[in-house]
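Annotated features, as they stand in Swiss-Prot:
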- SER236: active site, nucleophile (ACT_SITE)
- ASP259: active site, charge relay system (ACT_SITE)
- HIS314: active site, charge relay system (ACT_SITE)
- GLY2: N-myristoyl glycine (LIPID)
Amino acid sequence: MGVNQSVGFPPVTGPHLVGCGDVMEGQNLQGSFFRLFYPCQKAEETMEQPLWIPRYEYCTGLAEYLQFNKRCGGLLFNLAVGSCRLPVSWNGPFKTKDSGYPLIIFSHGLGAFRTLYSAFCMELASRGFVVAVPEHRDRSAATTYFCKQAPEENQPTNESLQEEWIPFRRVEEGEKEFHVRNPQVHQRVSECLRVLKILQEVTAGQTVFNILPGGLDLMTLKGNIDMSRVAVMGHSFGGATAILALAKETQFRCAVALDAWMFPLERDFYPKARGPVFFINTEKFQTMESVNLMKKICAQHEQSRIITVLGSVHRSQTDFAFVTGNLIGKFFSTETRGSLDPYEGQEVMVRAMLAFLQKHLDLKEDYNQWNNLIEGIGPSLTPGAPHHLSSL
């Protein structure tokens, strides 16, 4: 009956092969869990390719977030895409670089998790970035987990760790959504800063233990990240996270906000906002109120920009844009792709990002050939926001 779907990830266009691995640091809720995408060497043997949806629990988490029956929806999600794999080397050998690679911290959106932006992350890694994607523990992820020591074990080992799962937090009837989402966005920023600190320590040669069995060996990163060239990026709730993180941490030199959901940011934040921020919006998500808040930030920072990708929808900036077949689309109340071909959309957004990152991280690349895209001049782009905006 055509249950199996596939994910047609765009082939990467950069000069580097891409590796990825997961890192969990700390044995409590305050620890850190993130996926790392990075330039890797060609391995002598065939490397394993990781699953796109890393575990069955994420299928049930997605079903629950989308308000489907957890058991049936999870089963269908798993049948549809549970066997899809990422075209990267799992824990592949890190490709060393004396001057280090620039770093991007990428924050996922509401109801997402660390693997749902793999198309962007793989492409950026192929272009010579290390990309870290924290899986947020503020209960905005579809689901996530942490590992803690089993109570009966005296001698801690990786094998004696117990998983504790964290479900998605829905706003209850009668609750004000802002009072839920605002503390979450602040926690998300703290989690991004913890990942930044971990990678800073590893780069400096300090020992940081990855407690995941068979997880990525962080010591291979020593001296290979250029901590003077760091950007923060995110989609939707992650876009708001990136904007707030830029204001809180001066080590971030710029932010890229993909279809940022501005709602969780408190109004008195805006005078303290830093730039430059590059807002890359889709055509069918933003409201005039939201765009006006973006304009407030742009008015304070002349290098900040807003562009809109015409023919795109909110999920055009996630991996769901590349899922073929109709089954997954039935789970979503809104479209997973717009009228713009998703591969064309990915290409123009990545090129715009790269031009912006070159400009503000002082990269020695040729991405300035796409500087016109930063101004919203190019195929399927418009500067600012279109006149006819959707109402959420």
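Cβ coordinates are placed from backbone N, Cα and C, and glycine is handled just like the others.
HIS314 (active site, charge relay system) sits 8 Å from SER236 (active site, nucleophile), taking the CA atoms of both as reference points. Across the structure, ASP259 (active site, charge relay system) and the residue listed as 'active site, nucleophile' place their CA atoms 5 angstrom apart.
A helical conformation is recorded for HIS314 (active site, charge relay system) in the three-state DSSP classification.
DSSP assigns ASP259 (active site, charge relay system) to coil in the three-state reduction, outside any helix or strand. Other C-beta atoms found within 10 angstroms of the C-beta of SER236 (active site, nucleophile) number 25, with every protein chain shown included.
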